[in-house]
Amino acid sequence: MSKRYLDDVLSPDTGTSDSDSSIENLNADNYRIDIVNDNARRDDIDRIQSSNLNHEPPYNLEGVFAIDDDEHGDEMVRKDSDRRQDITEDNDDSFVPDITTPPRERKRVRFGINEKGGDEEFNNVSPWDFKRLIRKFYKEQLPDTYQIRNWKRPSKDMLTNFIDLIENNIELASEEVFKQYHQELNQLYPDSEEQAKLKDSLENKVFDTTYNIKKRLKRTKVPSKIWVDNLNMEYIYAKGESIKKRYKSELDRAEAIERQLIREEEHLKSLQEKGETQAKKRKQVLSKELSELSKTMHPSLSVALSNTFGLIKDDKMSNEIYQQDKIDFNLKLKTDFSKPLISEKEENSLNGLTNAMDNNRELVNEIFGKISALLQPKKNSNE
């Protein structure tokens, strides 16, 4: 059977079928990728440029490789056969044009594309939307030259400290409120237990709100890095002028303080000089008065008087009289005043003797009083 099929294929009298004639009449150049007609090329370029304007991929692959589903398999076979012929055939007259790629759209740098309008975003902010509230407050308080670059979650220590400050004041605040409205509470809730329950319920509600605040604060972000725009010439000039003015004011203030210190030093020196001159004058006046008094007074009194006025120093206090008496009367002091003169036993014995003498004196006084009392009535009876 296989031999019969080979004979039919190799025989020259076999007729061509309709399918073979249709394939021969087709122009393979119309289905080649490397040879493109001018009109089709313009249509493809216009289609690609319009797609680029709508921010789609730079190449419209579906437009370039648009093939019907029914003819997809046959055309792929023809294209493969055409490529093989181009590779095998060496024809100098055949011209294959270069593949032209459509021009790409240049990348454009767009700043703040993901940022919303500042005023419109923060016009109506919910009080529980902490994320937007924090951004709004930072935007209002920071100057225009400051820009926040990075945002991060708040730390646990920051959150715990903030919540502790609120929770520690809840009980104190509730007590102050109940004290302030004590009369109204007594009218509405005369029972103390009901007031206590009301207080507990209010405190629990406040604690619940603080818990919700903590949960929402965990989701917020705070700025971690700020960039200062120092390239604004007006800002740099204004900042330089303010620094100059402040530096000048500080210099003037320092000079004023120095001048004040110099004046105070001069005043102190003048006071010291006045004090020294007054002391010298006072000493001269006192010495003159003492010299006049010493003429009419005893020499020992004049020395004592001069000592009372402080004109004689302690080093110059003389004991000439004592030394003279010591020589005249042969005085010798053997006692050591650094040690106690009497021992404890002697002191105790002396104390006992003094007590006994005091007791004896009291007895003598009592006896004398009794005797005098007995003698007085006898005198009256004799009379």
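Every residue gets a Cβ built from N, Cα and C, even glycine.
Values in this document were obtained by computation on a predicted structure and should not be read as measured data.
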Pick from 1-24, 49-72: which stretch is listed in Swiss-Prot under region 'Disordered'? 1-24
Please find, within the list 182-212, 244-274, 306-336, the residue stretch that Swiss-Prot describes as coiled coil. 244-274
Name the residue range among 112-145, 350-383 that Swiss-Prot annotates as region 'Interaction with NKP1-NKP2'. 350-383
Over the region 'Interaction with NKP1-NKP2' (350-383), work out the mean pLDDT and round it to an integer. 74
